[in-house]
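Visitor: Before I ask anything, let me first share the structure, which is written out below as structure tokens.
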Amino acid sequence: MEKKAVHFGGGNIGRGFVAEFLHTAGYEVVFVDVMDSIITALQNTKSYEVTEVSDEGEATKTITNYRAINSKTHESDVINEISTATVVTCAVGPNILKFIAPAIAKGIDARTAATPLAVIACENAIGATDTLHHFIKDNTAQDRLGSMPDRARFANSAIDRIVPGQAADSGLNVRIEKFYEWAVESTPFGEFGHPDIPAIHWVSDLEPYIERKLFTVNTGHATAAYYGYNAGKKTIAEALHDSRIRGIVRDVLQETASLIIDKHEISAAEQQEYVETIITRISNPYLEDTVERVGRAPMRKVSRKERFIGPASQLAERGGKFQSLLGSLEMALRFQNVEGDEESVELAKILKENAPADAAVRLTGLDRDHPLFPHVVKVVDGVQSDAK
């Protein structure tokens with residue numbers, strides 16, 4: 001019987017990262033989305049192309065063997081597909097997980113297969129599958145919760161691949177960097193074993209992979225974006241061509257490296273090599289990635305467990321240095337009223353209407369007695385003072 005994966009999110013990451021590797025692994029992919037335009041395009045097209053870009057050139061793969069369902073109008077079809085699938089993945093954004101959970105819960109509840117469904121959230125957030133699992137349990141009858149592990153297993157993942165903004169006329173085709181990393185927990189699958197997806201690096205402990213990725217790739221990428229935006233740069237490559245900004249990114253990643261090395265017992269040499277790889281990757285001019293795209297959704301990016309406050313708070317607790325991370329936070333807080341970015345508008349409103357300490361709590365989620373908190377308040381106060 002053919003393997004089937006149901007994937008929520010027909011966007012660039014869904015088509016260009018997750019679906020590409022599911023397709024390569026021999027799965028039929030069923031895309032689920034609420035965007036009429038994406039679903040219609042997928043339904044009316046037999047294939048699309050994923051072009052991997054590197055300094056060595058380009059390589060194009062053709063993706064076929066997929067279907068698409070609009071969950072807004074055909075939820076029962078989505079439930080039926082999940083009930084007979086091998087894998088469910090998603091790349092919808094952490095804030096959307098609660099909206100896709102009801103259909104997944106119903107699909108899981110309808111399963112009769114001997115092997116449980118593998119559920120893997122592919123989001124830029126720590127513990128995203130745990131979050132989705134929580135929402136699914138909220139949408140499952142109490143008397144069915146105890147037997148849910150017979151029907152589904154949930155594994156957190158760490159994904160790493162840069163998907164830049166796409167050309168307006170690209171249609172379903174996706175340009176994407178060649179490099180990728182997709183690490184997924186293996187332990188939740190127990191005696192059933194994990195699904196067969198060669199692109200996945202199966203690990204027993206995911207936290208080192210998630211934190212190393214989030215606090216290096218995402219921290220460095222966002223730092224370049226926010227400093228670049230405030231310096232009038234157009235692309236990430238242009239920002240990193242500026243020796244001042246490149247030096248700042250290195251300083252920030254030196255701080256996060258000290259945390260990663262100390263906490264996860266990764267060698268300094270290995271982490272330094274990883275940092276150099278990341279800086280080379282995000283400097284790639286062929287990706288043509290804009291500072292606005294990488295910087296979008298600043299409120300999520302300055303939140304408690306994210307790329308700035310996450311490492312800075314842990315460094316503060318350990319007595320480490322976090323001054324450069326505070327600089328990144330400041331630049332992120334100056335990413336206000338950017339066209340097409342609702343969070344940047346809301347950010348400006350919060351900073352305008354709240355006292356520094358109140359704004360710091362609301363934006364970062366830090367407790368007022370946390371050792372990092374007074375330093376964050378000082379940054380917020382400085383940004384607010386400049387706006388007066």
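Glycine too: its Cβ is placed from the backbone N, Cα and C atoms.
Okay, so Swiss-Prot annotates it like this:
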- Lys213: active site (ACT_SITE)
- Ala5, Val6, His7, Phe8, Gly9, Gly10, Gly11, Asn12, Ile13, Gly14, Arg15, Gly16: NAD(+) binding site (BINDING)
Visitor: Which one is it: of the recorded positions His7, Lys213, which Cβ has the fewest other Cβ atoms within 10 Å in this structure?
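Guide: Across His7, Lys213, these recorded positions, the one with fewest Cβ atoms within 10 Å is Lys213.
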Visitor: Express the distance between the Cα positions of Gly11 (NAD(+) binding site) and the residue listed as 'active site' as a whole number of Å.
Guide: 22
Visitor: What are the non-local neighbours of Gly9 (NAD(+) binding site), defined as same-chain residues 6+ apart in sequence with CB under 8 A from its CB?
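Guide: The answer is Val18, Phe31, Val32, Asp33, Cys90, Ala91, Val92, Gly93.
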Visitor: How many Å separate the Cα atoms of Ala5 (NAD(+) binding site) and the residue listed as 'active site'?
Guide: 25
Visitor: Can you check which residues sit near Arg15 (NAD(+) binding site), meaning Cβ under 8 Å from its Cβ, same chain, 6 or more apart in sequence, and list them in order?
Guide: Phe31, Tyr48, Val50, Ile63, Leu172, Val174
Visitor: Can you check which residue among the binding-site residues Ala5, Ile13 has the largest number of Cβ atoms within 10 Å of its own?
Guide: Ala5
Visitor: Round to a whole number and give the Cα-to-Cα distance in Å for the pair His7 (NAD(+) binding site) and the residue listed as 'active site'.
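Guide: Cα-Cα, rounded: 23 Å.
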Visitor: Just how many other Cβ atoms lie inside 10 Å of the Cβ on Gly11 (NAD(+) binding site)?
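Guide: 18, counting other Cβ atoms within 10 Å of Gly11 (NAD(+) binding site).
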Visitor: Rounded to a whole angstrom, what is the C-alpha distance between Lys213 (active site) and Ile13 (NAD(+) binding site)?
Guide: 17
Visitor: Which secondary structure state does DSSP assign to Gly11 (NAD(+) binding site), in the simple three-class scheme?
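Guide: Going by the DSSP assignment, Gly11 (NAD(+) binding site) belongs to neither helix nor strand, so it counts as coil.
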Visitor: For the residue listed as 'active site', which of the three DSSP-derived states applies: helix, strand, or coil?
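Guide: DSSP assigns the residue listed as 'active site' to helix.
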